[in-house]
Amino acid sequence: MSYTSQSVRTLKFADEEDNVFSESHSSQSMNGDQHGAMNSYLSPGQIPRKNSNLTNRTLTEEDEVIVFVDSPNKKLFCRLCDQVFKDPVIVSCGHTYCKSCVASRSDGICPVDDQRLVVMVANIAVSEQIGELMIHCKYGCYYNETLKRFVADSTKCPSTFRMNQRRDHENDCDYMPIDCPNNAGCPPLLKKDLEDHLRSCNNVHCPNKKYSCDFIGTQDELEEHLKSCRFEGMKEFLRLTDEKVTDLQMHLNQKDQEIEFLRSMLGRLSERLETMEKSVDMKLELVERNHSKIMDEILDNRKDISALTEEMSHINMRINLGATAGAYDPISMFKCKGTFVGHLGPVWCLSAMGDYLFSGSTDKTIKVWDTSSSYKCVKTLEGHSGIVLALCNYGNKLFSGSQDCNIIVWNVETYENCQVIKAHDNPVCTLVAASNMLFSGSLKIIRVYDVHTYELKKELTGLNHWVRALAATNEYLFSGSYQTVKVWNINTLECVRDLETSGGSVYSIAITNHHILCGTYENCIHVWELNSFNQLETLMGHSGTVYALAVLHTASGTKVFSASYDRSLRVWSMDNMICTQTLVRHQGSVACLAVSRGRIFSGAVDSTVKVWQ
C-alpha cells in the first residue's frame, strides 16, 4: 500500500482496546483501491487543532482520523520510527522499513544486522495487510481529552470497514458535516439533517439571483416572492441570452485558439524558411568551392598531360638513340623462374644470404627458403608479436624489425633467437647493417646499435617523418623520409647533406657505383650522381608507389629493379636511364626486393615470393 503526504508523522501504540491514529493536512488522493489508507500518522500531542480546542470543532472531509477496531499486529510496525508501516519497502538485507525512513536514515545502516540500507522492492504483502485492518468511520469518533486520543462515539456513525475501503464510505457518510447550500451563515449540519434544514432555512435565495434579484427568505416566502418577482417573467429570455453569450464566448475562445495555432505555424514556417535559406547558401558556397577546385584540377591535369607528352617524346628519342647502342639486349631479358608459397599474409621484407632467402610477413613469422634447387621452406622463425617489416643480415646473424617495436637477433646457422632488442616506441620500419653498426628507422628517428654487443650507440634525429628507407656504403648512410633523403657520414654519424625530392615520402633507396636512387609515394624514381650529389634524372613509368629498389650488376651493365604498388617490377638500365623491361606476374602490390647470385627475389601482398633471372 502506498501513502503520499507532506506532513510529519509519528505513531503511538495505544492500549489493548483501541489504536488511534490521526492526521490533518491538505487532501491527498490515494492510488487504486487502497486510496482509503492513511497518508501519514500523528501522535495525540501533534494533532492539529482549530480555535485551540479540538473537542469543539466538527471533523471535516480533510481530517484523517484512524481508530482501529482491533490493535494492529506489532509486526506491522517499522523498527526505525516505531510506527505502522507507511509505503513499506524491502531492503537488501531482507528487512522491511518505511520508504521515507530508509531515505532519511542518516547513517544508512540497518539497526538489526548493520548492513547498508538499499531499497530493493516495495513490500506489497505488508501494504495489503495494512489495507485489510478494520477501522471506525472518522465521523463516528471524537477526541478524548483524558486519553489524549480519538475514540469511537456510539452516538455517531457506527460503521466499521477495512482501511482500504474507508473513502468509499466516508465520502458518502450520513454523519459527514456539510454546509447549507443557501448561505454560509447557517450552522454546521450533518448530511442526514440537510433535507429537514432546507425546509426551515431562512437563507433561501431567489433562483433569479444571477439576474440581480436580492431576495432572501424561507421556502414558503420564496414561493410568494416568485409570483411578483420582476425577473421571473423574463427568465426564459434571460436564459436564452445567457446561452447566446456563452456560445459567443466559446466561439471567441475557439477563434483565439485558431489564431494562436496559426501564429505558431507561421513561426515554424519562418524558422524552416530561414533554415532552408542557410542551407541553400551553404550548398551554393560548396558548389562554388568545388567548381574552383575542379577548374584547378583540370588546369593541373593539362599541365601533367603536357609534361607527360614531353617526357614521352624525350623517352622515345632516347630509345631511338639507344637502339643502336645496345640498350635493348634480348640476352638480358628477365623471366620468372619460380614462386615461394607458404606465408599466410602479405610479404613485406626480404633478405638474401648465399643460397638462403629470408622473408618477413604479416603472419608475424620469418620463413627461410632454400634457393639452390628445391625452392622449399626449410624453417619458420617465430618470435615477433607484430608484422615483420624489416630484415637485414650481417655475418652469421639475421636482424628482424617488427610492428611490435622490437628487433630480434637470429643465428642463421642454428636459427635460434639470440637477443631481443627493445628498439623503438613505434614500429621498426627498416634495418641496414654496415661498419659493425646496425641502423634501425622508425618515426622521426634512427637508432644506431653495435652489431656485436647490441648496445645503443647513438640516436639520429632531425627527421621529419617515418624513416621508411635506409641504405649504406662504406662512407655514407642514406635515410629517406618525407620529400627528403639525408646523407650521414657513417664514421661521425653527422648529417652532411640533404637531398630534396618531390612526390611525397621516400619509400625506397638504392646505391650503385655512381648513382643514388630513391622511390617515392607518387610513383617516380629520383636519380642523383653519387660523388657530386647533383640530381640527374627522374624516372617515370610506374603508376603506383615505388616500394623497393634493388641493384644488379650484369654483363650488359648495371640494372636497377623497382617494385611498385601497381603490381609490377621494372628493369632500368643505368647506362641510359631507360626502362628495358616490365615484369608483371604478381597478383598484388610488390613490396620488397632482394638480390643474390644474379637473381632477383620479389615479395608481394599476394603472400608469395617470386624468383627472377
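Any Cβ shown, glycine's included, is placed from N, Cα and C.
If you look up TrEMBL, you'll see 252-279 marked as coiled coil.
Annotation source TrEMBL lists domain 'RING-type' at 78-114.
In this model, the domain 'TRAF-type' (169-232) carries an average pLDDT of 82. Feature annotation from TrEMBL assigns domain 'TRAF-type' to 169-232.
Taken from TrEMBL, the feature repeat 'WD' covers 340-373 (among others). Within the same chain, residues 379-382, 384-393, 398, 400, 402, 410, 412, 415, 588, 591-597, 599, 601-611 sit at least 6 positions outside the repeat 'WD' (340-373) and bring their C-beta atoms closer than 8 Å to a C-beta of that stretch.
What TrEMBL records for 381-420 (among others) is repeat 'WD'. Within its own chain, the repeat 'WD' (381-420) has Cβ neighbours under 8 Å at 345, 348-351, 353, 356, 358-362, 364-368, 426-433, 438, 440-442, 449, 451, 454, counting only residues six or more beyond its boundaries.
The repeat 'WD' annotation in TrEMBL covers 539-582 (among others).
According to TrEMBL, the feature repeat 'WD' maps to 583-613 (among others). Per DSSP, the repeat 'WD' (583-613) is made up of 0 helix, 19 strand, 12 coil.
Sequence annotations record features per position, and here TrEMBL assigns zinc finger to 169-232.
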